[in-house]
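Database features, via TrEMBL:
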- 185-310: domain 'Integral membrane bound transporter' (DOMAIN)
- 7-24: transmembrane segment (TRANSMEM)
- 30-47: transmembrane segment (TRANSMEM)
- 54-71: transmembrane segment (TRANSMEM)
- 102-121: transmembrane segment (TRANSMEM)
- 127-148: transmembrane segment (TRANSMEM)
- 222-239: transmembrane segment (TRANSMEM)
- 245-263: transmembrane segment (TRANSMEM)
- 270-290: transmembrane segment (TRANSMEM)
- 296-315: transmembrane segment (TRANSMEM)
Amino acid sequence: MFSKASLAHAGFGMLNIAIPLVIGMVMHNYWLGVMGAFGSLIFMYYVPVNRERTFTQMVLVTGISIISFPISALTASVPWISVLWIGLLAYLIQYTLTSGKFIGPGAFFLMMINGMLATLHRFPMHFTLMLAVYAVIGAVLSFIFSIIEPKLMGQPLSFKLDLTFETDNLQIAVKSLVYAIFAFIAYFVGYSFHLPNYYWFLVGAISVLQGENFVHARKRQFDYVVAAIVGCLFAWGVYEVIGNPIVLAVIAIILLGIICLTINRNYMLGNFFTTPIALILFKLALPNISNSLIEFRLLAIVVGTTIGLLGILYFDHLMKKQKTLNLKDYELN
């Protein structure tokens, strides 16, 4: 069912998230483990199908992580600035990765981590910055594993940077702008609700905004909502039954391995495991956290994906309008 390469990739992904979690436990610093684990999600950008540009994408997303994570942490101290920053960052990342024609998760994981860091205004600035550093460590670790994996598996890896981008494509520019505007709206709505971890509104929106058109986005919304609901129920069961941090860490590691195996084959199945990983990691950092966090997650998923769907609907409207104008120009000429 799964090839040797895909199983090995899942193994490297599990090892990647396990290292920060183990270090955090040994040092009795669970935040180090948790934020390092979130940063290790950058490993999802290691997509060999990009061929000679695989290394380029990893260099790019790692560089973006190193720069953007601390900035997001700094903006957290002034929430309205963080909302504006997330909108700007969404455009920059989405435009860069799309115009570069990279195959992979797009801006999703980068925006998820940045969105989370920008919500931490309840913590002192120095502590939030330290969390950003932990996330950067996880991202750098992912970059290292993206070099180790092909070397050990005997796969070709080009170390040549190919930073060529399609900058004259109006559709890419418009799609990135719509992506950013509706990501901003989702983040602002989440902030306005004054809910903990309101970045989940952003996550719900961008999961749908990745869609190519309205029909595709509607299917992604359905898949994401169903997967997230089932994932929340799974996380609720874990919250009720398991409190041992080692067991929680092992579950998170196994779930990430399953994501590595399934995300490219089945979007819904992959996202089912993404939701409980995030909730379990927060349970590690905050052992006394209540189940209400799961309820807030469900609300954010429904509202966020709806905002994302509206964004794709608006983008489709703009593209149809553009085609009509082009047709009229052609007839006049």
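Every residue, even glycine, has its Cβ placed from backbone N, Cα and C.
Residues in the domain 'Integral membrane bound transporter' (185-310) partition by DSSP class (helix H, G, I; strand E, B; coil) as 103 helix, 0 strand, 23 coil. A Cβ distance under 8 Å defines the sequence-distant neighbours of the transmembrane segment (54-71), meaning residues of its chain 6+ beyond its ends; these are 39, 42, 45-48, 85, 89, 93, 96-97, 100, 102, 104, 110, 113-114, 117, 129, 132-133, 135-136, 139-140, 142-143, 146-147, 150, 157-163. Between the transmembrane segment (222-239) and the listed ranges 30-47, 102-121, 127-148, 245-263, 296-315, the one holding the most Cβ pairs under 8 Å is 296-315.
The transmembrane segment (7-24) shares the most Cβ pairs under 8 Å with 245-263, out of the stretches 102-121, 127-148, 245-263, 270-290. Highest Cβ pair count under 8 Å relative to the transmembrane segment (127-148), across stretches 102-121, 245-263, 270-290, 296-315: 102-121.
Residues 9, 12-13, 16-17, 19-24, 54, 57-58, 61-62, 65, 69, 102-105, 109-110, 112-113, 116, 130-132, 134-143, 145-146, 149, 245, 249, 252, 259-260, 263, 281-282, 284-285 of the same chain lie 6+ residues outside the transmembrane segment (30-47) yet bring a C-beta within less than 8 angstroms of a C-beta in it. Non-local neighbours of the transmembrane segment (270-290) in the same chain are 21, 30-31, 33-34, 37-38, 197, 207, 223-224, 227-228, 230-232, 234-235, 238-239, 243, 245, 248-249, 251-252, 255-256, 258-259, 262-264, 297; each lies 6+ residues outside the stretch with a CB under 8 Å from one of its CB atoms.
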